[in-house]
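Take a look at the structure below.
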Amino acid sequence: MSSLSRELVFLILQFLDEEKFKETVHKLEQESGFFFNMKYFEDQVQAGEWDEVERYLSGFTKVEDNRYSMKIFFEIRKQKYLEALDSQDRAKAVEILAKDLKMFASFNEDLFKEITQLLTLDNFRQNEQLSKYGDTKSARNIMLVELKKLIEANPLFRDKLTFPAFRASRLRTLINQSLNWQHQLCKTPRPNPDIKTLFIDHACGSSNGTRAPPPVNSPLVVPIAKPGVFPPLGAHGPFQPVVSTTPSAIAGWMSSANPSVPHAAVAPGPPGLVQAPSSAFLKHPRTPGGPGVDYQIADSEHLMKRLRAGQLDEASFSGSAHRPNIYSADDLPKTVVRNLSQGSNVMSMDFNPQQQTILLVGTNVGDVSIWEVGSQARLALKTFKVWDISACSTPFQTTLVKDATISVNRCVWGPDGSILGVAFSKHIVQIYTYNPSGESRQHLEIDAHIGGVNDIAFAHPNKQLCIVTCGDDRMIKVWDAVSGRRHYTFEGHEAPVYSVCPHYKENIQFVFSTAIDGKIKAWLYDSLGSRVDYDAPGHWCTTMAYSADGTRLFSCGTSKEGESHLVEWNESEGAIKRTYSGFQKRSLGVVQFDTTRNRFLAAGDEFQIKFWDIDNTNMLTYSDADGGLPASPRLRFNKEGSLLAVTTSDNGIKILANSDGQRMLKMLESRALDGARGLSAAVNIKPPTTGSLGPIANVSAPTSPILERNDRIQQPMSLGNLATMDGSRPTDVKPRIPDNPDKTKSWKFPDIVESSQLKTLKLPDHLTASKVVRLLYTNSGLALLALASNAVHKLWKWQRNERYPSGKSTASSVPQLWQPTSGALMSNDTGDAEPAEESVSCIALSKNDSYVMSASGGKVSLFNMMTFKVMTTFMPPPPAATYLAFHPQDNNIIAIGMEDSTIQIYNVRVDEVKTKLNGHHKRISGLAFSQSLNILVSSGADAQLCIWNIDGWEKKKSRGIQAPPGHPSPLVGETRVQFHNNQSHLLVVHESQISVYDARLECLRWWYPRDSLSASISSAIYSCNGLLIFTGFSDGAVGIFDADSLSLRCRIAPSAYMSSPVSSSNSNAFPVVIAAHPSDPNQFALGMNNGAVHVIEPSDAETKWGGSSSQDNGALPSVPLSSALNSQPSETPSR
């Protein structure tokens, strides 16, 4: 094959990849043998698609080609064989041995015999060479490292591992150049040729629209006559004029008059009752700067025809057609009215679209704050933490280990102010829900991009709220705002993507994106690639934003040389309409800008705020905000344009206001001073508020009635409606505390007393009943494992059936008490020191549910969960093991709490105790690792907490837990610990309390037994999503608490899940231990002192515990530590 034909294959590969023909791309790679896609190969290996792995390899090499190829195929087939053995599929293993591995016997007969002998072992890990074999995922990753080395060393893959470097959409560019050249040869060239086919040459004289004749075989390149000189076609600006069939239908980017939000961070939803004229469609990219015609692909042609049928509103584009602004500079917010001290460098700000004085702030140390600027009160401060490090990618975890510093790149409100998003400088975005009382809650954490996430915005594709992100990995991604599931990935940028601007025109939803190479692209919510590929002025960092009414598009950017460009775009032609003047020659940093309503533009430059009338290119005025601004200050208008937030050089924020803004702030001040006297009866009503993600719970503090509009955009607070709304909410005034503390006893919360109010299932058990001392779900959620005080394990498995195809545990289906065919029991060694009934038991399960490590006063045993056989035993007493915890980064390292109060760090692989930790005075009763904080927290029967650094195992801090009122001090007794999903908050459980501590062992919140839940606490655990705490009591009751506030959501009486007591054992039954389901946040299981195990879920009528939030139902609140000691109620401090 000639070199040109080879290059054509690469062009086709690029085209297929850009058009998302993924399977076809890899088929062509394999059949041509020109490019070995290592990323695709890795994905298939990690997915275990062994047939596809070998098929793809066959396009580049065969087993017998050389020793590298032989080794590659051997490693793949060996892994396939071991996985069959690991899954106990002997028949499949024998088939792989006979068909795939036998051919290697002629090269190494001894090795083949050794592989064959693995069939005789119950577990191939009993073979010394395979004893370190981990789970399937880790084994595949280890194999991949070896395969990559072999492939790179194999001469048959030389020059096939790197894709040639050339510009994006190269094949399209060549076709466009050919069409332009053909058009120049036309005898009577039309000004707007209509190209409908590529099957025949273009000629303006012919219809060029009929079906083309069948193609004729011809050489790829043929001699072509030199064309004559023809006049240029179209403009030579950065954007080409677009092909159109009728003078009145302009096929440009997109155009219509449509209500929008003022900031690019939020794309408006469907326009409701607003009638929008027809819109033009997004075009495919073409080469800028030269004579241009463009070709339409078939999948958009029908939409083009439909859109051309309507008449375009020319007023949307012509500068003279815009109604002239008659505003003066006095309408601009230039008076400094408030100063906020953030404490670290502010990177991003955004005003709430509904509550005009609520400001969201993100900083360079990862802090996120919510301010009420009128009272200068900080409603919330969220320091950066990863909520669930285990759900994050390995590259992100590695990045955090190397460098824990992180910054906020962008923070934005959702369209109705009930949700907010934060994009960080490393990998992740975090989404919070927010209600008008100022309360924010964790909603979603998404490991979105490799590298930094540079921008985040909200959009409404298909009338569904979504999150749009972009990052250093050159991608734009669209996520479901409820579930966090990824809907789309837009690829095509050749540099990190700097910003996104979602928008809505007529019935077309789209996203603009800009990259740091100055490229602007536009995307529809499909997989067909970008529709626009143009250059932004400055060719570097650029952001885009629409005017408040959605009709005018602006961008602002700074070049690497420091030249800044603020421009308005002509959407009909995709060209720059006007360029605003007034920037200094060399800007220091990237200039930031914002728009307000349909009136003004503002940008931070030269230690000032510069303002423009949007219809005049000359700068209108400027303000230095009384000094103290950085060279390129960041700024943000509120929705009405009455307030402007601007950053200062001393890590603060200044709030500037116009006359309307000043009146609004004074009115808020007077309401705050009036207090209760200024709150009318109507204001104190708590109406339900509908947010982007559904209903937001009512709150006990007075909230504002939010008015609904037909287009679903809630009525903003303004001077016109301030008198009838309490949108201001006196946020600096604490919620009113009842004068009589006894009133708390009259608060209502759901009290479940009957079995009809929930779903409960007592698990079948024909074995000897003995107190359940440990209980846990398998990581898959398919089974429950209990350890009884007689040292016997019991395993219940749910079966898949038509009604429950997932096979996950449920209270609606009875599981099987499972045993292997041998009928063996999984029993621990009990030792001789004391009876098993009196011993302390402990248990830990491997991540893949294959093994369980357990002890009941004797040796620690490692069991195979499939066969119940003991794999090994270690650590014989004395002292006995009392708690087990796997190291988060190395499953071979186990922290073992001991009866003699020490903690032993044990390496299973080498059967060696690495170190002993001393810090407690009684036996260890709890251990919890935090990978993100690199610490181990231990608790003991001495009610002490200790923090250990897991690098050197030195003790960092220790303290005893505080005794609640009425308890002797110091406390003693079993104390357990568990880290929240965020890996920074710690749940501490003692018979006297449940409490939440931070990583410095400071108590943030606690709750102690009282009133209807007055019995001592027997066990407690976080739900899988970290929003609830399930708590058992020694009288048989169960309390379900809000994890954030420790307020009681509901109480479950023993009568609701246990049958009427017929024996003394049943009447005194209580849950010794509680287990939380790993994926269902509302399911939990109780292990009872009478040996029973109950699975409990909410009823079908109530999908979650307690219904609405605890503040709604008046749940008995927890109290901060300081107020509990003073016996005074108090407001929860911001965290």
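Each Cβ is built from the backbone N, Cα and C atoms, and glycine gets one as well.
TrEMBL annotations: computationally assigned, not manually curated.
Here the domain 'CTLH' (34-92) has, by DSSP, the following mix of helix, strand and coil residues: 41 helix, 0 strand, 18 coil. What TrEMBL lists as domain 'CTLH' is 34-92.
Annotation source TrEMBL lists repeat 'WD' at 446-489 (among others). A mean pLDDT of 92 is what the model gives for the repeat 'WD' (446-489).
Sequence annotations record features per position, and here TrEMBL assigns region 'Disordered' to 720-745 (among others).
Annotation comment: TrEMBL describes 729-745 as compositional bias 'Basic and acidic residues'.
Summarising the annotation, TrEMBL assigns region 'Disordered' to 804-833 (among others). A Cβ distance under 8 Å defines the sequence-distant neighbours of the region 'Disordered' (804-833), meaning residues of its chain 6+ beyond its ends; these are 759-761, 763-767, 777, 780-784, 787, 791-798, 839, 841, 852, 854-859, 861, 863, 866-869, 873, 876-878, 880, 1077, 1079-1080, 1083, 1085, 1095-1097.
The compositional bias 'Polar residues' feature in TrEMBL is assigned to 807-830 (among others).
Proximity of distant same-chain residues to the repeat 'WD' (917-958), defined by a Cβ-Cβ separation under 8 Å and at least 6 residues beyond the stretch ends, is recorded for 385-386, 389-390, 397, 400, 840, 882-889, 895, 897-905, 970-979, 983-984, 986, 988-990, 997, 999-1001. What TrEMBL lists as repeat 'WD' is 917-958 (among others).
Taken from TrEMBL, the feature region 'Disordered' covers 1099-1135 (among others).
Taken from TrEMBL, the feature compositional bias 'Polar residues' covers 1120-1135 (among others).
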